[in-house]
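In what follows, a structure is listed as structure tokens, so that the remarks can point back to it.
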Amino acid sequence: MLIPSHRFLSPSLLLPPLHPLSLTSFLFLVQLISLLFCFRHSMSQSSPFFSIARAHAGAGGRAVAAALLLRQPVAQLPPNIHSLRCFPSVRLTHAKILRSHLSLPRATLSSFADADDGSGTKAGDAEAREEQNGECETSEMAKAFHITPRMAMSISVMIAFAALTVPLAMRSLVCHGTFKMSVLAYLTLLSGFYMAWNIGANDVANAMGTSVGSGALTIRQAVLTAAVLEFSGAFLMGAHVTSTMQKGILVASVFQGKDSLLFAGLLSSLAAAGTWLQVASSYGWPVSTTHCIVGAMVGFGLVYGGVNAVFWSSLARVSSSWVISPVMGAAVSFLVYKCIRRFVYSAPNPGQAAAAAAPIAVFTGVTAISFVAFPLSKVFPIALLQALSCGAIGAIIVTRVIQKQLGELLSSEAEKIASTEKSNVQQVGFLSDIGGPTGAQLQIVYGVFGYMQVLSACFMSFAHGGNDVSNAIGPLAAALSILQGVASSAEIVIPTEVLAWGGFGIVAGLTMWGYRVIATIGKKITELTPTRGFAAEFAAASVVLFASKLGLPISATHTLVGAVMGVGFARGLNRVRAETVREIVASWLVTIPVGAVLCIFYTMILTKILAYFM
């Protein structure tokens, strides 16, 4: 996904020197306050964030997590707690109780004990066999959301039914008069929905993948949260004005008077980009949706307009993001995670250090987002004051939430208990990797950073919906304008219903296939915890915001993948799975060529079909 350099709100809509309570800034402030209070209960001791002190990489994690869940000191646990197979009876008797308190499926004792040992009951073995057989029969979507296959099928059927019937009631369809034009408009709306569906299936992992990988959110929670925020961003913040020649890749003058050919090229670009995105999503490859669109339009322009029909400088800028984006993302996330290890993990009181770092991180992030994307005024001092005010409000709210929810753990008595636990816990597995907080201290650190990670993911998801919907809606609106006879205009106005249509497509794709790429971002590149996930998310958002503000070619998808890799490199070169990285890089390299070839193929077919309609 290539983030354009323009702001969310067109500058022409801002009234200098100050726009009183602009819709954009108001929505941003409401979003900030609601999200902070929505997740304030996540800081309580019964929160799933505090159950993330689990077995990420070793038996020591199981010991600490089991101690936290059973509310017993680690020193009093049985000797076999460090083995891979433990708690045969507790797993059966208390699983239902734990499940009622913890929303994370992995944050139960069954996730710390891989299987029962020889003393396990026959009922436990029968239950395990039944679960295994059930998993084999369920679909991937059902397993991802922990629902029945019938329910998963019902959701898919309802989405398909809505996709086929809703366009029949849209004004963009009924206003074309003749039956042939209405058929073309219907096919155009379906093509735009198909592209938006694939954007949701692939690109939404940018916002939610790290949160799922670290355990801060389950896939179900991530999808539901992202669905609301993606649709809100697409509908409320989507660009209402777009260039007919998407992203300035094609020279408009070359296609003057060739409305039929241009219409075929726009529909073919949507179909080609959607096809490659679907292939990439099926394998779990995170690719850039903008690169897909660019590749498709370059192929169309070369074949049907010649070499002079393409802005090669723009193509070079897009291609350079292959290197710039992941390198910048990896470098910043590397530094952020090193700072966390230096100033939080190595602090005398890691929990207190994490609680102190949270307001600073929120102030920095909210100030940057407000200044770059949600300015109240074009006057620099006023815009800066607004950004600093929003950042200060966010920091104050976070500070109060942390103090209220973590007051006991931050007290002197809790510090003594934490120091006692630290002396008794054997540092093995992932605890030796971080070499710092354990016990109650680990609760605080993971709870604070898990909380901040969810907030950052929510803001990034909202921003993603507003930015990336244009990749599907831009060509769609341009094609509809051709059917209405206004193709010669340089700019077109996107109807509100079309923006909502694109938002619905993103949500549908996210619901049906989003879990595939989320798994790649969150689990397959490197092992993530709340601190590592926050470092990657914070670094990616920072790089994308400032690079887009400076006009640098940047891809949010590539940046986030690079940020996740940077967190892995901070722990050692062998912490990054080379095979997964090779597959992702290979998919990046072939995105533009494949999009071009597919667009040429689809255009050849569509031009022959359109000879009958137009």
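Indices start at 1 and increase along the chain as displayed.
Positions of Cβ are set from backbone N, Cα and C atoms, glycine also.
The following features are taken from TrEMBL:
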type: TRANSMEM; residues: 20-39; note: transmembrane segment
type: REGION; residues: 115-138; note: region 'Disordered'
type: TRANSMEM; residues: 151-170; note: transmembrane segment
type: TRANSMEM; residues: 182-201; note: transmembrane segment
type: TRANSMEM; residues: 222-241; note: transmembrane segment
type: TRANSMEM; residues: 261-280; note: transmembrane segment
type: TRANSMEM; residues: 292-315; note: transmembrane segment
type: TRANSMEM; residues: 321-340; note: transmembrane segment
type: TRANSMEM; residues: 352-374; note: transmembrane segment
type: TRANSMEM; residues: 380-402; note: transmembrane segment
type: TRANSMEM; residues: 444-463; note: transmembrane segment
type: TRANSMEM; residues: 498-518; note: transmembrane segment
type: TRANSMEM; residues: 585-613; note: transmembrane segment
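Taking pairs at least six residues apart, the transmembrane segment (292-315) and the transmembrane segment (585-613) share three or more Cβ pairs below 8 Å and count as touching. At the 8 Å Cβ cutoff, the transmembrane segment (585-613) and the transmembrane segment (380-402) share fewer than 3 close pairs (sequence separation 6 or more) and do not count as touching. Counting Cβ pairs under 8 Å that are 6 or more residues apart, the transmembrane segment (352-374) and the transmembrane segment (182-201) reach fewer than 3 and are not in contact. Long-range contacts of the transmembrane segment (182-201) within its own chain (CB-CB distance under 8 A, at least 6 residues past either end) are made by residues 163-164, 167-168, 170, 172-174, 176, 230, 263, 267, 270-271, 273-274, 277-278, 281, 289, 468-469, 471-473, 475-476, 479-480, 483, 498, 501-514, 516-517, 610, 613-614. With Cβ pairs under 8 Å as the measure, the transmembrane segment (444-463) is packed most heavily against 380-402, out of 151-170, 261-280, 380-402, 498-518. Within the chain carrying the transmembrane segment (151-170), a Cβ under 8 angstroms from the stretch's Cβ atoms is held by residues 138-139, 141-142, 145, 186, 189-190, 193, 197, 497-498, 501, 504-505, 508, 511-512, all 6 or more beyond its ends.
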